[in-house]
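S.K.: Quick one: the structure is below, questions incoming.
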Amino acid sequence: MPGLLVAGTTSDAGKSTLTAGLCRAFARRGVRVAPFKAQNMSNNSMVCQGPGGAGVEIGRAQWVQALAANATPEAAMNPVLLKPGSDHRSHVVLMGRSWGELASSNWFEGRQVLADTAHRAFDDLAARYDVVVAEGAGSPAEINLRAGDYVNMGLARHAELPTIVVGDIDRGGVFAAFFGTIALLSVEDQALVAGFVVNKFRGDLDLLAPGLRDLERVTGRQVFGTLPWHADLWLDSEDALDLTGRRAASAGAHRVAVVRLPRISNFTDVDALGLEPDLDVVFASDPRGLGDADLIVVPGTRATIADLAWLRARGLDRALMAHVAAGKPLLGICGGFQMLGRVIRDPDGVEGPVAEADGLGLLDVETTFGAEKVLRLPRGQGLGVTASGYEIHHGRITAGDAAQQFLGGARDGQVFGTMWHGSLEGDALREAFLRETLGLTESGTSFSAARERRLDLLGDLVERHLDVDALLALARHGCAPALPFLPPGAP
């Protein structure tokens, strides 16, 4: 099948970024290209339109990769989405719809259904597009997971996909990681690995060249290029690993503190705030981090009651109360909004074992979780402007008399709560909100234009630093025969 698998030496090696960059570069050549990830484990997701106009849910990274490919996002691009609610339990989204829960103890019992669905989705995309660029997960050399793999080499074997391995040289040890990744694969899997891409290189490329030549010599595989480290190159993140890379506060700007909840979800909601020139966005997990904030955001979460208990245990509830008492603005989004209400009920254990918990009482609303997940793309009025967003939640909101309506949520003075993810990506709503809460004037920032510039920048870097023609030929025609075997192979 025409396609390519982008595997990585580790998590966060650059698979999502490289996949998006290849999609943009191939699309520029007139190729009808689609992104794909068989299984994504992330609480950052997006709603797109499914059959009949119904909402379907996919990983945020695949949604952005579809934008890079100039393709319409769809459930087949991320057929299995796992949303961790605890260290041992994940909510499963199958072809965009809620499927159920899987615990680590019964993971292998449900794996075959997920694998079959994922491989059918890939085959469907491959039949409709010229090339499918598939992103792997973690590393293909996780020998403890090999038997159940359908995301990395399991997918590559299914579709006979040539595979490239990307490694983050900024972490160090990339040559050992490249060699070791291949050397732990079986003979059959090694035959599908065509070569490497080095990611996040800083410095003089001439100093790296001898190492690249040696890597090609000892592995018998091509290095397709080296992507430079670039400070402005960040895309919608897949998981919380990327939170550590957010910029720190600088003097003079209004400080926005985002509560870093243990099961934080859709933290891309604040990306648009990070582009505003008069704001500095930081993530905080203790009261000191919230103390001097001009605006606090409590984001979404996959475990609302559990994260509310964590928030109280760390004294963050008192910090939020003090912030509101000082007349400063507070915004809660989805699960964060539900925490600001009077009570949260989960009688059926949708999110966890605790059936009921008192909220912070800052908004006159109550939340009750139901089994059916709401997936919507709402549009309406807020703060005098047209706004839009997306909803992904099990919670049903009941508002009291004191609650003033705000974007599917409620407002009381400077305390705002909304069920709409992504509303701040709308320039008009964001400007109105910042004017209302912080007194800021319009900056002229366009979030959608900024995202498109980043995708173009990524495409430019891929075109400039990688052998795109060779990668496209690889995707169309597959690996060269008789690639050398690196011992010891699969244990």
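Note that the numbers count up from 1, one per residue, in the order the chain is shown.
In case you wondered, yes, glycine gets a Cβ from its N, Cα and C as well.
These numbers come from a predicted model, not from an experiment.
Here's the feature list from Swiss-Prot:
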type	residues	note
DOMAIN	253-429	domain 'GATase cobBQ-type'
ACT_SITE	CYS334	active site, nucleophile
ACT_SITE	HIS421	active site
S.K.: Could you list the residues of the same chain, at least six apart in sequence, whose Cβ is under 8 A from the Cβ of CYS334 (active site, nucleophile)?
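M.R.: Listed in sequence order: SER265, ASN266, PRO299, GLY300, THR301, GLU391, ILE392, HIS393, GLY395, THR418, MET419, HIS421.
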S.K.: Would you mind checking how many other C-beta atoms are within 10 angstroms of the C-beta on the residue listed as 'active site'?
M.R.: 25
S.K.: On the 0 to 100 scale, where does the mean pLDDT of the domain 'GATase cobBQ-type' (253-429) fall?
M.R.: 96
